[in-house]
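Colleague: Structure below; questions to follow.
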Amino acid sequence: MSSRRWFHPTISGIEAEKLLQEQGFDGSFLARLSSSNPGAFTLSVRRGNEVTHIKIQNNGDFFDLYGGEKFATLPELVQYYMENGELKEKNGQAIELKQPLICAEPTTERWFHGNLSGKEAEKLILERGKNGSFLVRESQSKPGDFVLSVRTDDKVTHVMIRWQDKKYDVGGGESFGTLSELIDHYKRNPMVETCGTVVHLRQPFNATRITAAGINARVEQLVKGGFWEEFESLQQDSRDTFSRNEGYKQENRLKNRYRNILPYDHTRVKLLDVEHSVAGAEYINANYIRLPTDGDLYNMSSSSESLNSSVPSCPACTAAQTQRNCSNCQLQNKTCVQCAVKSAILPYSNCATCSRKSDSLSKHKRSESSASSSPSSGSGSGPGSSGTSGVSSVNGPGTPTNLTSGTAGCLVGLLKRHSNDSSGAVSISMAEREREREREMFKTYIATQGCLLTQQVNTVTDFWNMVWQENTRVIVMTTKEYERGKEKCARYWPDEGRSEQFGHARIQCVSENSTSDYTLREFLVSWRDQPARRIFHYHFQVWPDHGVPADPGCVLNFLQDVNTRQSHLAQAGEKPGPICVHCSAGIGRTGTFIVIDMILDQIVRNGLDTEIDIQRTIQMVRSQRSGLVQTEAQYKFVYYAVQHYIQTLIARKRAEEQSLQVGREYTNIKYTGEIGNDSQRSPLPPAISSISLVPSKTPLTPTSADLGTGMGLSMGVGMGVGNKHASKQQPPLPVVNCNNNNNGIGNSGCSNGGGSSTTSSSNGSSNGNINALLGGIGLGLGGNMRKSNFYSDSLKQQQQREEQAPAGAGKMQQPAPPLRPRPGILKLLTSPVIFQQNSKTFPKT
C-alpha cells in the first residue's frame, strides 16, 4: 500500500465507529491508537451496519494480533491482511479489509511529505536540498508521531516530533497545537544538538508527492505560487542527458518538423519494413512512452513498506549496481532509464545467489534499524536524545530501504525489442515474454510529431508504416491541421468514403462522426496487400490556439472514449498495440494528454489512497522524449484535470452511498438507442443492450476494476470489462441512469446523454428522488454508452441540481432517513480471531 492515510492518530473508539458509519461502507477500515492500552493499536472495521474492533499488540519489537504472523511495522500488518484475507472470527466469518477510510493530512503545508522513509528523506535533501533545508514526515516506527529531517552541512539530522495529549512537541520544551506552529517556532528559535551543532530551519524542502484524495489542498497551496516553483524545478532537473544522434544526421534532418525537437535514441521507434540500403530509411521522429513497472520512477512509496517489493540482490550484485547507477537512481531507489540503457539490466539478470535468495526470502522483514548520527553515507537510524532542552532527535538515516537490483524492468525489454544491438546479457525472447506480460497491465504510448508533406520530404508513408508495424489501432490527434495560419500537421487520411494510397499503405475512410469536442474517423488500413485492419482516429479539435482548455472535462471525456475503444479492441482479441498520440511537435499537448492518462490510470488501479507525483511523472516521461508537457500552463492543466477527475469520482461515490441509504432496488436498467446519429453523442458503436443492477450484500460502491478497464479513464466499463490486474481494495461501482419520467427531477443530469434510455419507474416518489440525486452528478455510462457531460458538469452545478431536486419533486413524499446503529458500544474482538494459514485459535488477552 502506497499510503498510510488509513491511520487516524487522534480519534477514540466511539469516534471511529461514528466515522465508519457516516463515511464508510462494508469493508471500510481504519487503524488508531488503543484507548485502553498505551503503545498498542486498534483496527476498526465496518461489517454491514456494525463496527468490529481488533486489538493490535506492539511489544516494541514487532506488531501482531496477539498471535499469528509478526510484522516489523504496522503498515506491513495491514497490507498483509488486506491482500491475504486470512483474518476470521472464531465462528468462521471472514473479516475483510476492503477499503481504507482516509484520514486528512495533519497539515496542508508542502514541507509535509507524508509516508516518506528516513533513507528517502536523506537522499532527497542531500541530492537536491541546501544547508538548512527541512521536511516533516511520518514516523516509520511510531505511527502517530512525526519526524523533522534537516540538512546540516553534509549530514541529515532527524528530530522526533511526538503527538501527546493532542499537542506536538520534540521531546521537551514547548508544546504546540499544530505542526505548522511547531515549525514556525523552531524557525525563529533554532535547536541545538548535544554535540553543539545548531539546527537551522532555513528553507522548506517541498513535497510533490501527495495522496490522490488530498489533491484539493495541494492545488490550493500551489495556486499561491507553487506551480511556477514546481515547474521551474522540473525544467532544471530535466536536462538533456540522452543522445539524439539519429535525429541530427544529415539524411534525417528534413524529417523533423522542428529542428531541435528530436527523438531520444534509446526510446525511438525504428521502422523495420524499409529499404535498409537507403540511409535514414528506418528513422521517424517518434518515441515509446510507458511506465517501466507499476509506479516505478514516480510512485515514491518506500520499498520497505511493501510486501511485494523487489527481492534484494546479494552484496556483490548490490554493490556493483549501486556503483553503476547515477545519483538519480540513488535518489529514487530505482534504476533510471539512462542507467538501464547503459547497463542493459533486467530484473531477472541477477546472479545465481540472488535467484536462490528470491525463492527462500520471507515475506516479512525488519525495515528499520537503530544507529547513531552519521554523515550522508550512513546506514541506520534510531531515536536518540540530544539538545539543550531535552530535544529528542534521530541523527542518521531514518529507515534504510532495500536496494533493488535491475528494476528498469519492462522498459529495457521494450528498448531491446526495437534495438539492433544483440550484445545484451538477456535474449530477445526473454525480453519479449516480459514485455507481453507487462503489456497486459500498463499501456504503451507512441509520442510523435505531426506529419510532413512537402516537395522535399514526405513522412506520411513513414507514419503509416509505424502504425502498421506497431499494430496501433487508436490514433490520437490533438491539433488542427492549421492553427493561426500555419500548418501544424499534414493531412494523412482521405475524405469520408474515399481511399488513398500512401506508399505501401492503402487508407480507406469508412466513416466520420463529430461531437462538440472531437471527430472520430474509422479507417480500413492495409499494408502491402495484407488483410485490412480497423484503425480509429480520434481528432481532438477544441484545444485553443493559446493556452489550455478552460474546462478539463472535455479532455477527460475525450480520453475516456479513447480508452474505452482501446479496451473493446483488446476484448475482441485484436491485441491493439501502443496508442499513438501526436500534436504538431509531439511534446506539449501530446505530453499533457499522456501524463493525465497515466496519473488517472494509477488512480483507477490503486484507488484514491494511492500516492501520486505529477512532477516526478513528467520527469519520468521526459526521460523518454524531451520536453513533454512544455509550458507552465500545461503543467497546471495536468493538476486541474486530475483534480476534476477526483472531485467527480468522490461526488459520484457519495451520491451512490446516499442512494443506497434510501433503500430502493433498481432492476432492468437498460440503455438502448442508436449511436452516432446525434452529433452531440459519443460516436461509438452500440455494445451494451441492457444492464441489470440488482441488490447485493456487497455495497454498490466503486472498485478499482469498476473505475475503469485499466485503460485510464474508462469509467463504468468494469461491468464486464474490468481490469484483471486492478486492486481489490475498492468496492463495486454500479452503472446507473437518470429517470427521465419523474417530473423532470433528474433530467438536468441526463442532458447530452450517449443514447436514449429507459428505466423502471415503479414507486415513483422514492425512485424519482434517487434518480434526481444520481442524475445531478451526471454519471458516465459503462461501455460505449458514455454520458458526454459526465466530467464537464462542475461540482457547483451538481450541488445546485441536488438542492433543486426536492423542490422539483412537488408533493412527492420524501423517504425516511435510514436507520443507523447508535455508536458507542465497542465490539472488541480480542479472542475470536482465526488465521487460516495456520488454523490457529488464539486465546483471550
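Cβ atoms here come from the backbone N, Cα and C positions, even for glycine.
Checked Swiss-Prot, it gives:
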- 6-101: domain 'SH2 1' (DOMAIN)
- 289-444: region 'PTPase insert (Cys/Ser-rich)' (REGION)
- 362-402: region 'Disordered' (REGION)
- SER419: phosphoserine (MOD_RES)
- ASP545, CYS583, SER584, ALA585, GLY586, ILE587, GLY588, ARG589, GLN630: substrate binding site (BINDING)
- 793-824: region 'Disordered' (REGION)
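Provide an account of the burial state, proximal residues and distances for the features listed.
Modeller: Note on the domain 'SH2 1' (6-101): mean pLDDT across this stretch is 83.
Counting only residues at least six positions away in the same chain, the Cβ atoms of GLU483, ARG484 sit under 8 Å from the Cβ of ASP545 (substrate binding site).
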Colleague: Please work out the number of neighbouring Cβ atoms within 10 Å of the Cβ of GLN630 (substrate binding site), leaving out its own Cβ.
Modeller: 17
Colleague: Within the domain 'SH2 1' (6-101), count helix residues (DSSP H, G, I), strand residues (E, B) and coil residues, in that order.
Modeller: 22 helix, 33 strand, 41 coil
Colleague: By a 10 A CB contact count over all chains shown, which of the binding-site residues listed here is most packed: GLY586, GLY588?
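Modeller: The residue with the densest Cβ neighbourhood is GLY586.
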Colleague: Are there any residues in the same chain, six or more apart in sequence, whose C-beta is under 8 angstroms from the C-beta of SER584 (substrate binding site), and if so which?
Modeller: ARG257, GLN449, GLY450, THR479, GLU483, LYS488, CYS489
Colleague: For GLY588 (substrate binding site), name the DSSP secondary structure in the helix/strand/coil scheme.
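Modeller: Its secondary structure by DSSP: helix.
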